[in-house]
Each structure stands twice: as C-alpha cells, then as structure tokens.
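*Asks:* Below: one structure in structure tokens.
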Amino acid sequence: MITLRNVSKTYHIKGGHKDGARGHVKVVEALKNADLHVPQGSIHGVIGLSGAGKSTLIRCVNLLERPTSGSVTVDGQEMTRLSSSALNQARHRIGMIFQHFNLLTTRNVFDNVALPLELMGMKRTAIRERVMPLLELTGLTDKISQYPAQLSGGQKQRVAIARALASEPRVLLCDEATSALDPQTTGSILELLRDINKKLGLTILLITHEMEVVKSICHRVSLISGGELVEEADVGDFFTAPGTQLGREFLNDFLQLEPPKGLVERLEAEPGEHTHPVVRLAFSGDAVSTPLISRLARDCEVDVSILQAKVESIQERTLGLMIAELLGPAEKTRQAIDYLESHDLHVEVLGHVQRDD
Amino acid sequence: MSSAMIDLIIKATLDTLYMVGVSGILAALLGVPLGVMLYVTRPRQILARPALNQTLGMVTNIGRSIPFIILMVAIIPFTRMVVGTSIGTNAAIVPLTIAAIPFVARLVEGALNEIPPGLVEAAQSMGATPGQIITKVLLPEARGGIITGLTITIVTLVSYSAMAGAVGGGGLGDLGIRYGYNRFNPTVMLITVAILVVMVQGFQSLGDYLVRKSDRK
C-alpha cells in the first residue's frame, strides 16, 4: 500500500554565521536511501530518537516534504510524479494526524471533521451523512458543537482522527499521535487506532519514540537512526531479539531489564579460567510455559542465579525475559546454553564474571 | 454656544466619521489582500515567491515610513486625479486610504504569523489548494487578530483625519484648528477633542467586542 524506494531528503541550510563564513551552506541529510514497504491493512511503526528523521520520513509519504531522490508509491500511485492538482486528489486518500492535533480553533467539532469534505467540494447534506458516523466511531457525538479549546487532549486527537477519516482514506499517517498525551489517554487513542485498522482495513504508518506504541498496536516495526532505516522486524521478533545495538538499547530502556550495576562493572568480554557467563534469555511461544530453568539445573547440572526477570505480553504473544548467571564448570555452562538454544530460546551472552569463590 | 456652532460641530463629526469610515473600508479591502500576499509569498510558505515578497515588503515599508502630513501634500496631484479636488473630505480620503493600506497589510501579516504552521500543514495533508488554505484556514483563524488590526487602523485614521484638517480636509480636526486654535475658542477646542476621545473609545470597544465574539481560543 505504501512503498518507499531509495528515498533521500537533503536540506540545505544557509547559515554559518558562527564560523564567520557568510553564505556557507550546511547540508543535512535527513533521510538516506530509505526503503520501506507497508502492505495493505497492516500497522507499521517507525521508531527512533528525536532528530533521527522520523518526521521527514512520514512527511515524504504524502509529499509534505518532497524527497530529494527516490520514489514514493501510495495505493499504486507514484506520488512524486503527480501534478499539483493530482497530488491534492491523492492526498484525499491519505489521512494524517499530528502530535499537536492541528485542529482549527474557530471551527467546532463537526465543522473540523467536515473540513476535508468541504475541500473536496461536497454538499452540506452529504457532509452531514459522512461526519455523523465518524463522530460516533470516535465517541464524540455529545461534543459535536464544542470548540477545540473546550476539549481535552485525547478528545482533540479523536476529532483529528475523525477528520483524517472523513475523506475515506486508504492510508492513515500518524505523526507522534500520542506523544502529547498522558499514558491513559494514549491507551485509549491506540485502542481506537487498532479498532479502525480492523474495522476499516486501513493501512497505518506511524512514527513514534515510544516503545509502548509499537508494542501495543504495530505489526511490524522499523528502527530509524541518523536518517537511515537500520532494522526492520515483526514486532514479536523485535521484542524477543532486536538485531541492532540501537534496538537493544530501545528495548532495554523500555523493559528496564539490565543486569545490576555492580555486576556490569565486573563483566568481561572474554571468558577466563574462572568465570561464569551472564546471559540474557528471551522466551517466547511454548518456551514460556516450559519449566526450563529447573530442567537446566537437573539435566545440565548447572545452577542458575536469576538477576532480573520479566514477562511481557506483546499483542497476542507472551514474552519472557530474564538475565541470569549460569554457575558451573565452563564445559557444563556451554552445554547449558546449547540446551536452551535447542529449546527455541534466544540466548545472548552479555559477558563473563569472575567466580567469587 | 450658538446653534450655528452646534450645527458646525455636528457636521464636522459626521465628516470625520465619513472620512474614517470610507478610508477604513477601502484600506481594509486593499490592505487585507496585501497582507495575505506578504505572508503567503514568504519563503517556504504556500505560495513562496521570494522576489515578489521582497518587492511587496519594500513598497509597504516605504508607504509606512512617509510621515502622513508629508504624504498628504506629496500626493496632491494624484488626489486631484482621483477625486477632482485637493480640498475637503473626499480629497482627504485618498491620502488616508493610501497611508492605511500598508499599515493594515503589516498588521494582517502579523496576525497570520500567529497561526501555528501545523494548521497549514494539516490542510495541505488534506489536499487543500493554496486558495482554500487562505479562505478556509488562514483568514478564519486570523480573524481575531485581523479585527484587532483593523481597530488599531481605524483609531489611527481618526487621528490622521484630524491632521488632514490642517490642510483643509474638513471634519473635527479642521474645526478644532480653525475655531479652537486660530480664533482662540477653547470651548470648541475642548468639544472637538472630547468628541474624538469618545469616538476612539467607541471604535475600540466595538473592536474588542468583535474580537471576543470571533475568538474561540
């Protein structure tokens, strides 16, 4: 439904007053050779820190930012080749919501939702028929004649969602849609987005810096850093085993699953003669309900000292995460790791610590 | 005070209202579009035309920097061409309008500048044309600010119109100078000033009321 091929965006920023070179042009590569494919009906999240190029990426989809190079296809249409009037037509099929809602302060709820339809030249009665069900879907029927200033953040975002859906788009772009909301409201907005995705089969591309958003509604996730998409995975896989260092940082930060500080200081990269491995284990699927740790002690004759453990449910999947120290002779601990891996656990050796004894 | 004097005061008041009203309306009709142009042709705006924007900005600044009393005299040939005379209320309307247009334009531009850029971006994401963005987003959202600007303009025009009295423009300023100043009649002077004060108060209150009514923030 959305395909980005080799999309780059470069800004030329005039300035350089600081280094005294007037007219010096600074080149900023906000997006570098981005490839992204979002199939119809799926929810795709792009996560990254601020300044990583998320906003540029999502704005390139509906050409609020025109890519410097590369191609953007939405619903079979090559966006970069459209004339300005054809582009406006294509934009009717792409809804967008924003971090700061961007509602018109001088229009009430109904008229805000009606705006895209007015822009399409629709008649007042037809507009009414289109707007009312949307207000129902977003739970705003009793707020119909209120103005944005009278609404809470969550209600404003609901209005924005209803407005984005008014033109019956095939795609919804969400630009940090929950970043200005409190956790509870975030939950209810995400619920609504998931609902819309299911009911209307709407394809959703969202950008965020919150893992919570990715965890609760996304099917796939891409990681963006320094203008490059560095990793892409199914959300379940990403939470089990991120493929990049940045992914691990995001995940550890989110799960707060780090080995204790005192231990980290003692970690050594290479095993020594008298060391124990410290491992990070990720269980998913059947492994979650299998008593593997006690079997490990029995079958492999190693002791397991659990340092941190957590069970997360990610959409329909349950994910167990653990940081543990494996105590035993080097030979035995190596076997233990093989044993765990043979049971579909993801094992990552974080390092080795000297034995206390 | 003689009834002839009272008649004069009433006529002068109506003249002032006429001059301010007509020049205010004309300045709004021409100044608001100029203000919109100044805003939308800025770099990175919806109709970015940097060269046009600089030209318009320069013309506007020249208009704003000429002292009104000099402008009034300097454009007498133009005034004659437009209204056929350089004396009287109709003649005063021409320089008043010309002085007010750039004034209105800058205030409108300022009001538009207050609109969060996200609103324009949202409208663009909905496929709005630049014309639609101006009529459906920019002008309605800046309505309060534009009314504030027009109120300031009207109040300024009241005092300019009094200045126009100095060169035979008619109205309260003319009355105050001829009777109050030249003939040493402090009563007439005080009355004209008092009427001007009331007039300014009235316009300001009306403007404030309209802003309150249009503002939903």
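Along the chain as shown, residues are numbered 1 onward.
Placed from the backbone N, Cα and C atoms, the Cβ positions cover glycine too.
Predicted automatically and left uncurated, TrEMBL annotations should be read as such.
What TrEMBL shows for this protein is this:
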- B:13-207: domain 'ABC transmembrane type-1' (DOMAIN)
- B:17-41: transmembrane segment (TRANSMEM)
- B:62-83: transmembrane segment (TRANSMEM)
- B:89-108: transmembrane segment (TRANSMEM)
- B:146-168: transmembrane segment (TRANSMEM)
- B:188-211: transmembrane segment (TRANSMEM)
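Any idea what these are sitting next to in the structure?
*Replies:* Under 8 Å from some Cβ of the transmembrane segment (B:89-108) lie the Cβ atoms of residues 15, 18-20, 22-24, 26-28, 30-32, 34-36, 38-39, 59-61, 63-64, 66, 68, 71-72, 75, 78-80, 82-83, 142, 145-146, 148-150, 152-153, 156-157, 160-161, 164, 169-171, all in the same chain and six or more residues away from its ends.
Taking Cβ pairs closer than 8 Å, the transmembrane segment (B:188-211) reaches residues 5, 9, 12-13, 16-17, 144, 147-148, 150-151, 154-155, 158-159, 162, 172-173, 175-176, 179-181 in its own chain, all 6 or more past its ends.
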*Asks:* Residues of the same chain, at least six outside the transmembrane segment (B:146-168), with any C-beta under 8 angstroms of its C-beta?
*Replies:* 16, 19-20, 23-24, 27-28, 31-32, 68-69, 72-73, 87-88, 92, 95-96, 99-100, 103-104, 107-108, 110-111, 139, 174-177, 196, 199-200, 203-204, 206-208, 210-211, 214
